[in-house]
Amino acid sequence: MATTPAPPGAPPKPTWDPRSATPLPWLRPTIRIRLTLLYGGMFLIAGILLLSIIYLLAAQAVRTGNEPLYKIVDFTDLKVSSSTCPVVDNGGLSLSDFNAAISDCMDHQRKVALDNLLSRSLLALLGLAVIAFAFGYAMAGRVLSPLGRITRTARAVAGSDLSRRIELDGPDDELKELADTFDDMLERLQRAFTAQQRFVGNASHELRTPLAINRTLLEVHLSDPGAPVELQQLGKTLLATNERSELLVEGLLLLARSDNQIVERKPVDLAEVAGQAIDQVHAEAESKGVEVRGTREAAVVQGNGVLLERIALNLVQNAVRYNVAGQGWVEVATAVENGQAVLVVTNTGPVVPAYEVDNLFEPFRRLRTERTGSDKGVGLGLSIARSVARAHGGHISAQPREGGGLVMRVTLPV
């Protein structure tokens, strides 16, 4: 008998992220650009201040102590002409007007000299600013180069390569301290993950042998036609329990292996993988009265065929087992969407609360509360599927279907 799912332990996460990318990315430049702007801006401000001081000092110098050394007192027979100061022409000018014209002409020449000084200084400042920004960009790149090395190592670690280290050389500064701390963290993580995977792998291997022996002994006793009915019934029950334990061991071993990055990749068609999964659950679907349908288009990915087949088999098996007997259906579709291969498994079934969807991917977590019911499986199927999808650089998501059931979607890079 199905029970009412427990209420959620925490409210759903908000869909809006206040740290989402701004519509104007240039408003949030990289740290290298910001350092370049800082270096170049400081040089530009210093240059402007220096130019202003030089201009003011030059203006004061040309305006102070530069009075004419002579004064014309009589120009009866003097003829003066100037191409740079046309107003200096004694024809028709009085003596005082002529002296005033000479003073105005000198003021004009001083102004022209200051304007030339300012324009040429601005051009020189502009050229030096360009050089300063280029030099600042190069220096910022050199200063930040250790961060690039740290980033590349972190990306390699994100790909499940915990053996990578930064090993930064150089002076004992803040960046080297950061790199050394990061290396120490990677060392501890590698030891922890290695110990975990070794334990799971060894435990699974050690449990395989006695389970296989138990299965063989039970099958031999069940094949005896003279065995009592009670003994045969007990043997079938023990055989089913043993099979469940074998599935658990295989699931744990596969879960431990699938957390690693896939090294050897080969072309795998998701349509073919889905077809094989459907063939394996065909008898179970027929016995339960569940229709399996869908359109499967070619969707070739690079990966491990056995692990990808396990994803499809787990999803299709769950879709058949957790369905409506006699009138349910399962739809399996594959396609290539937006440059990615997609496997979608949709099924009818009981209503799944939205807050329970994330729990489906946790090991040994199922919607039913009983642990010894008639359901097959051990609660590792979706955990394995998620681990395998991540190992292939993809992801798997689940959504409740309106009216009951789930929509499982696996997305893998082509």
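For all residues, glycine too, the Cβ spot is worked out from N, Cα and C.
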Which is it, of 1-21, 358-378, that Swiss-Prot names as region 'Disordered'?
-> 1-21
In the predicted model, what is the mean pLDDT computed over the domain 'HAMP' (142-194)?
-> 80
Long-range environment of the transmembrane segment (121-141) - Cβ separation under 8 angstroms, sequence gap at least 6 | 31-33, 35-40, 43-44, 47-48, 51, 54-55
Run through the domain 'HAMP' (142-194) and tell me, per DSSP, how many residues are helix, strand and coil.
-> 38 helix, 0 strand, 15 coil
